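Everything below concerns the one structure shown next.
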Amino acid sequence: MTKKPKTLEEWQAQLTPEQFAVCRMQGTEHPFSGKYFKVPENPGVYHCVACDNPLFETATQFEAGCGWPSFYQPIRPDAVEEREDFSHHMHRIEVVCSECQSHLGHVFPDGPPPTGLRYCINSVALKLIETEKK
């Protein structure tokens, strides 16, 4: 059985105003304003705030200095989808959740090994579930 997509009104009722602005309206939070831009002490998995799809592991997070959480790869290749984005007079690659199509951020070719990629993701689009405490 195929799930019926949610309407914008349903998303607006489910998400906070900040989450809705980023996840459903393709907004961007201010740099250094989100709670996950620094690598956390405890290991865990970041999930989509809108649908709980696992997206990124803290083990792949790194400090990029850009003010947003940065990862060199998703938890699984099919966890996210990448799309061309020509907004704001730029050409970028948008990253969305593969389950609910929520906007997460963008991916850039300036990350560390082993992938050389930097998934630059809005904190407000993420929910960290710690796997253990240090």
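Glycine too: its Cβ is placed from the backbone N, Cα and C atoms.
Since this is a predicted model, take the numbers as computed values, not measurements.
Among the features that TrEMBL reports, domain 'MsrB' is placed at 8-131. Confidence in the domain 'MsrB' (8-131), given as mean pLDDT, stands at 96.
Taken residue by residue with DSSP, C100 (Zn(2+) binding site) is part of neither helix nor strand, so it is coil. The feature Zn(2+) binding site is assigned by TrEMBL to C48, C51, C97, C100.
With a cut-off of 8 Å between CB atoms and residues at least 6 apart in sequence, the same chain places A64, C66, W68, P69, S70, G105, H106, V107, F108 near C120 (active site, nucleophile), listed in sequence order. The annotation active site, nucleophile is assigned in TrEMBL to C120.
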C51 (Zn(2+) binding site) - helix vs strand vs coil (DSSP): coil
Environment of C48, C51, C97, C100, the listed Zn(2+) site - residues of the same chain whose CB lies within 8 A of the CB centroid: C23, V49, A50, D52, N53, S98, E99, Q101, S102
